[in-house]
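> So TrEMBL lists the following for this protein:
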{"type": "DOMAIN", "residues": "1-82", "note": "domain 'GST N-terminal'"}
{"type": "DOMAIN", "residues": "89-228", "note": "domain 'GST C-terminal'"}
Amino acid sequence: MALKLYVDRMSQPSRAILIFCKKNGIEFEEVKIELAKGQHRTPEFAEVNPMKQVPAIVHGDFTLFESHAILIYLASAFSEVADHWYPADVRQRAKIHSVLDWHHSNLRRGSAGYNFNTIIALAFGLPLNPNAAAEGEKLLSASLATIESFWLEDGPFLLGNSQPSIADLALVCEIMQIEVADENDRERILGPHKRILKWIEDVKNATAPHFDDIHGIMSPVKERLKELKARVNKL
């Protein structure tokens, strides 16, 4: 069955799915949905995902959205996926689910609130919201502290594992969105978390060369956003 991924590489969950498929040798067609151009709001895309969000997939006659559900499905549907990504053991799976459930209410909420209201809103023609950005950063920082003190146990990856799971990939791609922030802000937020910085490098190495390839979009987008912010500040 043909697999289509409906993604925008500026979307953290989209990047996680793209990297996962490339790392595991899963063949797919990448269908680009540019959020900044409103392509996620078209009637055509609504037939794929009525929620009008990316990522979404179509696998033969099966359609699915929500990134965590997609990662779980792909890890289960393709026999070539190594067990460490989503172990067969039900208790290990439950632990991964606990990380993924925590992610959306904590790290993702904080990251999205901070990044959108400090810079990304400008790409959508919307004003920045310093108060919302401050609230987002507060939750983001608290989430990073929780990852470092709780989810990163004895091993190099989440839950004390010696190899990455889909949870590692989902959370690290989320944190990578901070790359579009000013360098001083990135250092202020991430700098104190040495274990997280090491974990990010471990995930990069475990998924090389695909991690850096998929994240290649970050640098040019960061420069465009910086220029846009400079023009807005002059007004």
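Cβ atoms here come from the backbone N, Cα and C positions, even for glycine.
A TrEMBL annotation is a machine prediction, not a hand-curated record.
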> Averaging the per-residue pLDDT over the domain 'GST C-terminal' (89-228), what integer do you get?
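Mean pLDDT for the domain 'GST C-terminal' (89-228): 95.
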> Taking helix as H, G and I and strand as E and B in DSSP, count the residues of the domain 'GST C-terminal' (89-228) in helix, strand and coil.
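Across the domain 'GST C-terminal' (89-228), the residues distribute as 113 helix, 0 strand, 27 coil.
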